[in-house]
Amino acid sequence: MPPKRKASARLAAAASQDSHPTSDSQSSTVTDSQASTATSLDADDNNNLGATPPKPKHTRKRLTDPSTSQPPTLADDPADDSQATTTAQFDSQLSDYHGTDGSSQASTFDSQLSSTAGVLAHIPTNTTLPADIEPTPVPDGHVKIVTLNVGGFNAAMKKGLDKYMAAEAADIVCLQEVKLNSDPDPDTVASLADYPHRYFHHCTAKRGYAGTAVLSKVEPISSTLGLPDGSDNEGRVITLEFNTWYLVATYVMNAGQGLKRLDEKMQWNAKLRTYVKELDQCKPVVWCGDLNVAHCEGDLARPKTNAKTAGFTPTERADFSSTLASVNLRDVWRDQHPDPCQQFTYFSYRFQCRAKRIGWRLDYFVVSARLLEGSEADVDVDVDLGQCTIRDDMYGMSDHVPVVLTLRAGSQDDADGKREEA
């Protein structure tokens, strides 16, 4: 039997089509408890926040979540049973292989590897955009809005963002974490010709960091970059004013590794809350983007092991509740899906989280309560909301997936497919 190190390398290469590459120092055997704590964060956090650091290669101890004596099981996953079972079997076989000294089990494993990998190849990953893209249905006279954290605009374009945008044919596209230092080059701008109204808000505090963009087929009355006090030097807020409503596209900061930015995040969120409340007093607000919080236990796969993880701390969850209550806002997707179903918008690149359905719902459409039919705040407003849809079938452009909302706002001329007013 060849040395275990070579066998491990050979098996890792065979399975690489279903997992995003990780650092060379990472152990080849990980537990689901590690994967359960992976959360959304900026690139400068090195994708380490919330994930238990791997042990050095020389140790033989399996890695478990320190908060529990046993790692969570796949039974807790919101995955399709067939997909979760296949992945669990693969992981179990891989673990058994590394602990085997005889050649018979290795030979048996090798004979099964190609068929197992073949099944895993059909499980969604973060690395390949589906070949066929069906647009989200949009009722006549409605505007379609998309929000997506792209994890780098240029990188996402290379992975098929332009293809998705062409197929989805949204009227307004809100992008977060674009990581641009200046507006796109002329060739890229040419590919965005369907969106003549383009707004980029760049981070001036650090190069290649954060930033937002809004691309629109509908001309707004006005546009505003940042918050009124000028404190948004990371390019996190873009506001467009339309005839009967405001759009606030936002990339809320992550609390950071070790919650090092939690206090700063709470201060920033308070300013954003005040700003949205002031807008809401004038016109209804549609607030969307990567809000970097999983509000309820149903908004992530493993709530019990993530209470101290950025994005799911009691402080952040209570703060989001405060924003909804004080401004009288509603989480559209949760309002339309009140049952405790788990559907996620973010899957870490690490630990095969997408294949195992270990995800978080971090991306939202939050609206003024008076826009929702049946709301106690429902008054005579000229805006009607349609469906909010999580496009979890649109993997590959980013570690996030798009969220789509349709709405009818005011008098609109939809005869030729263009919304003249909104």
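These residue numbers are counts, starting from 1, taken along the chain as shown.
Cβ atoms here come from the backbone N, Cα and C positions, even for glycine.
Per TrEMBL, the feature active site, proton acceptor maps to His400. All protein chains included, His400 (active site, proton acceptor) registers 27 other Cβ atoms within 10 Å of its own Cβ.
The compositional bias 'Low complexity' feature in TrEMBL is assigned to 9-40.
Positions annotated as region 'Disordered' by TrEMBL: 1-85.
For Asn292 (site 'Transition state stabilizer'), the number of other Cβ atoms no farther than 10 Å from its own Cβ, over all displayed protein chains, is 27. Under the heading site 'Transition state stabilizer', TrEMBL lists Asn292.
DSSP classifies His400 (active site, proton acceptor) as strand under the three-state reduction. Taking the C-alpha positions, the distance from Asn292 (site 'Transition state stabilizer') to His400 (active site, proton acceptor) comes to 12 Å.
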